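Report on the structure given below.
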Ligand SMILES: Cc1ncc(COP(=O)(O)O)c(C=O)c1O
């Protein structure tokens, strides 16, 4: 009897069609690298087609699957919602999953964030955040305030506005310099607090205040721009300088939100409320795409006072009920457990397991924060060799540039964590 889950196509046939027709993230066409074919996933394991090999997932599917795969509570939420409606337009209509989700997000996010725009991806939520900020000032009669300030080393997504605030040098969007809106960049934030760097931030915000709509940063952890950590004290510096000079503050918590750094949102490390906050990735526990842009009453009020008193943004799949229902279930799952202890346990496992990497030749730095473990090399990694080394250890990792890192699901057990860290070390050694 054929396994009903195995498609009619053989793995080589799938791969050939994939190479010819399917564009992969940051990939050429036709494809040059052979991806692994995943047949199913459960708990923290990905099962590969053909061989049935299982890999422990050290990536949480780009940091989103915090509860692991095929989770009974999330499956149930999806099935239950599917039985009612998977989608309905959001213009002129509303529904319980979206309302419940917005309420949960407001309740759990830093005090003062009250309004929620449901977007369809992290990048789109950043577009919406930028639009909110520009429109806020335009509505208040200050249309000249339309640039953004950020620090180098950041990453905010792949659509147009987010690309303009990604690191303009050495990052993946360098190609578009001169085409993208020219934003204001500070140096990358140092790991520890330095008064001279705080002064640089203050000085830039003051100097450009008349043209700045907002400062946008990833708080505490810069993710895809280099997996760098910095002192939360800089967030307070930004808050004070933004307040002093009529500039809005946007925190992109798409990577850091929902407990990843050890607090529910990274903003909490500094007890700072931004004017606008983006969340995504783990919002639906990695089940489907959804993100959200939250803002304060002040931002919304500014917009509503304008000549065009509405936020002119409305994606077709805005507020998708299926995604919203799963997001509610994912948040309930997170809040219903002692997630801080779980993230701390993962942090301890990563610290212990990655410590030996510091002794490896070619390793520049090893750093851990919450459920994030990073090994930085002193050279560009051989991605294929590093991936092979991890797979040989039974682990899925996706190294990039000079980095081998892991952001495992919070439910990863200690034995699996040890295998993940061993695989990170192997990838760092061989990559
Ligand atoms: C901080 C941050 N912002 C924005 C994004 C873009 O999100 P998405 O890939 O869902 O568009 C990412 C994705 O990695 C991210 O890490």
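Glycine too: its Cβ is placed from the backbone N, Cα and C atoms.
In TrEMBL, the pyridoxal 5'-phosphate site is described by 122, 123, 315, 316, and among 167, 252, 365, 378 the residue recorded at this site is 252. With 62, 155, 281, 314 listed by TrEMBL as binding substrate, the candidate from 367, 388, 392, 398 annotated for that site turns out to be 398.
The local packing around residue 123 (pyridoxal 5'-phosphate binding site), expressed as other Cβ atoms within 10 Å of its Cβ over all shown chains, amounts to 21. For the substrate site, whose annotated binding residues are 62, 155, 281, 314, 398, the maximal Cα to Cα separation is 34 Å. Each residue contributes its Cα atom, and for residue 281 (substrate binding site) and residue 315 (pyridoxal 5'-phosphate binding site) these two points are 18 Å apart. Highest local Cβ density among the binding-site residues 62, 155 belongs to 155, counted as other Cβ atoms within 10 Å over all protein chains shown. Counting only the Cα atoms, the space from residue 316 (pyridoxal 5'-phosphate binding site) to residue 62 (substrate binding site) is about 25 angstrom.
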